[in-house]
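Heads up: the structure comes next, in structure tokens.
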Amino acid sequence: MTASTSVAVGCAVGIPVGVGIIIAVCFWFNLQKRYKREEQDDRELERAIYDESGFVSFDNFGPLRDSKDEAALASSELKNPDHTSGSSEGSAHPEEKDGKSRDQEKPLGKKNSKYYVPAYRRKINLLQVRNNNYGNNARQKSVVDLPSINNSSNVSLSSSQRHITKRQISVYDQMVPVISDEGPKFFADPSSDTNTSNDQNKASMIELKHNTRQSSNENLIRKLQNQDFGSYYPRRASSSFLNGNISNASFHTRNSSITSVNKRDALEDVFATPKSAAQSQLPNTFDKDNEGIDADHSVKDSRSAITDKDKDIYKLQNNYDVGNIGEIAEEDQYENEFTNYSQSKREFIESLRPK
């Protein structure tokens with residue numbers, strides 16, 4: 001009982017597996033044969049491609065013909081009768097030629113259907129077949145239509161020229177157009193084309209280019225002077241009368257004693273903070289019309305005004321001032337009312353004290 005069961009299971013499993021393995025081996029052998037054929041075809045194609053006479057063009061279909069086609073054409077030429085033969089013999093040749101051409105096309109079609117052929121190889125084969133058919137038809141027409149030997153060469157030449165139209169490359173296909181850069185010369189009147197006019201045109205063009213370049217540079221300078229390059233607070237448009245030492249708000253935002261020594265009567269500093277600007281304007285608050293008043297009264301009034309103002313004005317102290325060289329700088333030299341952290345800290349501490 002157990003033996004019969006094991007035999008049944010072995011047959012049920014082993015027979016299908018064995019048949020499948022045999023079929024797979026057969027397919028594998030067929031595939032290997034196909035790969036070998038394709039490799040051989042590819043080698044032939046590479047040989048034809050790298051051959052100088054094998055390039056595909058409309059003028060050299062002759063080198064692309066196969067040896068079998070050439071042998072068939074040679075045999076057909078040997079079988080052709082003389083041109084002096086009757087019209088009955090010549091009329092029978094087109095049908096025979098058509099039959100032969102069909103017979104030649106059939107094996108090619110069978111070969112394409114039986115074996116795998118790439119698309120570019122199919123195109124080359126079709127071009128070869130068309131060229132062969134066209135040559136056979138041209139020969140048949142020349143044999144049938146020509147009545148005599150004298151007219152045969154002329155008519156065959158004219159028919160071949162009629163059917164085969166080659167495109168001739170002209171000089172204009174290889175010409176590179178070049179246009180001169182000077183506009184007035186290109187559209188100038190030929191009658192007025194003299195040396196003097198050319199010199200005048202050159203001088204006028206040079207002068208025009210120089211003027212345009214100079215005007216563009218001036219406009220650029222004006223735009224750069226009026227632009228605000230990242231200052232902390234909006235400022236007025238800059239003017240050309242400002243001092244050269246004050247270049248930008250990001251570099252000078254303090255009222256230093258070094259710059260204020262030689263600038264008593266200078267214009268308003270647009271880069272200074274409001275508090276420092278008020279301090280710099282203190283010496284200019286005196287009216288010049290009242291210089292005739294007593295010197296003692298004016299000195300006393302100015303001293304009292306300065307002492308009153310100094311209580312409310314916050315002064316930036318740093319090592320860059322002449323007056324406080326020995327002191328240690330406690331504030332940043334680029335501080336203003338927006339970035340004065342020390343003053344804000346002091347105000348905050350004072351606000352915390354009980355009142």
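Residue positions begin at 1 at the first shown residue.
Backbone N, Cα and C atoms are what each Cβ position is placed from, and that goes for glycine too.
According to Swiss-Prot, the protein carries these features:
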type	residues	note
COMPBIAS	92-108	compositional bias 'Basic and acidic residues'
MOD_RES	SER142	phosphoserine
REGION	70-114	region 'Disordered'
TOPO_DOM	1-8	topological domain 'Extracellular'
TOPO_DOM	30-355	topological domain 'Cytoplasmic'
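With DSSP classes pooled into helix, strand and coil, the tally for the topological domain 'Extracellular' (1-8) is 7 helix, 0 strand, 1 coil. For the topological domain 'Extracellular' (1-8), the list of distant contacts is empty: no same-chain residue at least six beyond its ends comes Cβ to Cβ under 8 Å.
Regional average pLDDT for the topological domain 'Extracellular' (1-8) in the model is 79.
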